Amino acid sequence: MKKEKAVVVFSGGQDSTTCLFWAIEQFAEVEAVTFNYNQRHKLEIDCAAEIAKELGIKHTVLDMSLLNQLAPNALTRTDMEITHEEGELPSTFVDGRNLLFLSFAAVLAKQVGARHIVTGVCETDFSGYPDCRDVFVKSLNVTLNLSMDYPFVIHTPLMWIDKAETWKLSDELGAFEFVREKTLTCYNGIIGDGCGECPACQLRKAGLDTYLQEREGASN
């Protein structure tokens with residue numbers, strides 16, 4: 001893969017930034033694509049652009065505002081509360097988001113001569129999003145290959161690891177401090193360690209605390 005090109009689906013968050021560093025390590029050339037779907041915090045797009053610029057990565061922003069029109073949700077509507085009732089999908093779930101994002105990333109990848117697509121989806125997060133499942137990604141990979149007659153490979157470096165292991169991966173890639181200080185995970189739009197209260201911040205902090213304890217224990 002060292003001689004090939006990849007496109008990373010990139011939001012500027014912890015997971016996708018870790019995947020961006022992973023891709024830089026794996027491929028000869030890397031581009032990033034970010035989707036504007038009228039998300040609650042436009043800062044997400046600015047954050048992604050700043051990270052891509054700092055890393056010298058070509059960055060494309062695609063307008064996906066249609067998604068908000070079709071599937072209103074707590075990630076795009078400030079009048080909707082972020083909730084997660086037991087047995088139900090969180091209010092932050094956006095129907096069709098990863099289906100559309102990966103499909104458009106594939107179209108872009110083919111146009112720029114890349115066959116590798118990297119995304120930070122994983123099954124181990126609390127959310128249970130159906131479009132983060134390995135079976136979905138593998139199914140879509142086959143569909144994209146058939147639809148464009150092109151040998152795409154969708155990579156999911158985080159699929160089977162939890163947040164603590166994601167922090168460990170960023171550390172192994174030499175990007176731990178970068179990811180901690182410059183990424184945006186917080187639903188309230190606070191870069192770095194975030195607000196500490198929203199579900200995304202709580203998940204991120206729990207993983208960070210676990211990893212730091214493990215790292216400290218390993219060094220003793």
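A Cβ is built for glycine as well, from the same backbone N, Cα and C atoms used for every other residue.
The annotation ATP binding site is assigned in Swiss-Prot to Phe10, Ser11, Gly12, Gly13, Gln14, Asp15, Ser16, Thr17, Thr18, Cys19, Leu20 on the grounds of sequence analysis. Taken from Swiss-Prot, the feature Zn(2+) binding site applies to Cys186, Cys195, Cys198, Cys201, supported by sequence analysis.
Apart from the site residues Phe10, Ser11, Gly12, Gly13, Gln14, Asp15, Ser16, Thr17, Thr18, Cys19, Leu20, the chain places the Cβ of Val8, Ala48, Gly120, Thr183 no farther than 8 Å from the centroid of the site's Cβ atoms, the recorded ATP location. For Cys198 (Zn(2+) binding site), the Cβ neighbour count at a 10 Å cut-off comes to 18, with all displayed protein chains included. Between the binding-site residues Leu20, Cys186, Cys195, Cys201, the minimum number of other C-beta atoms within 10 Å of a residue's C-beta occurs at Cys195. Annotation for Gly12 (ATP binding site): same-chain Cβ neighbours under 8 Å, separated by at least 6 residues, are Thr34, Glu44, Ile45, Asp46, Cys47, Ala48, Ala49, Glu50, Ile51, Thr183, Leu184. Counting other C-beta atoms within 10 Å of each candidate's C-beta, the binding-site residues Phe10, Gln14, Ser16 are led by Phe10.
Here the Cα atom of Cys201 (Zn(2+) binding site) is found 16 Å from that of Thr18 (ATP binding site).
Within 8 Å of the Cβ centroid of the Zn(2+) site, not counting the listed residues Cys186, Cys195, Cys198, Cys201, the chain contributes Thr185, Tyr187, Asn188, Ile190, Gly194, Gly196, Glu197, Pro199, Ala200, Gln202.
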